[in-house]
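Listed features, source TrEMBL:
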TRANSMEM  6-30  transmembrane segment
DOMAIN    37-168  domain 'Casparian strip membrane protein'
TRANSMEM  37-58  transmembrane segment
TRANSMEM  78-98  transmembrane segment
TRANSMEM  107-132  transmembrane segment
TRANSMEM  159-178  transmembrane segment
């Protein structure tokens, strides 16, 4: 019975019509465009969530008749983190609505590199401040604050995770754009 099934399959596969090259090429291009669109949507989600969570994160604690307040606005590096992610969010929204055949796509690779660099620098600075907030610095005499304001630290950790994912997604977008540019230049040569 297994032999007859194999014969049946080979007989019917010989009658499959030839698929034109243009259709296959169109499907490959559609798959690439959808993957780039999906990466841009994910990067947009990561930057928006990092911005919103950081902006809404605050906590306070009463210690010895003093009120200790923790907010993103207390640290300039966290403000930079918010601004960088907000700029990246705005850029992502704009790029999502640029048609793929538009001449502005020539500048998308350069813009993606700039946004990636900005996000990497902002997450690096924010992670440095978060590390000091969590562990303190005994050499400088800075005490850790996460024991005093755990809600602030937990929410900021979530924002930093989203902020760490965003430059990774943008790096993938840079690699996709670079690959498309190399293919375009090699096709013209």
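Yeah, the Cβs are placed from backbone N, Cα and C, and that goes for glycine too.
Through the fold, the transmembrane segment (78-98) approaches residues 37, 40-41, 43-44, 47-48, 50-51, 54-55, 72, 104-105, 108, 111, 115, 118-119, 121-123, 125-126, 129, 156, 159, 163, 166, 170 of its own chain, all at least 6 residues removed from its boundaries and within a Cβ separation under 8 Å.
Break the domain 'Casparian strip membrane protein' (37-168) down by DSSP state and the numbers are 94 helix, 14 strand, 24 coil.
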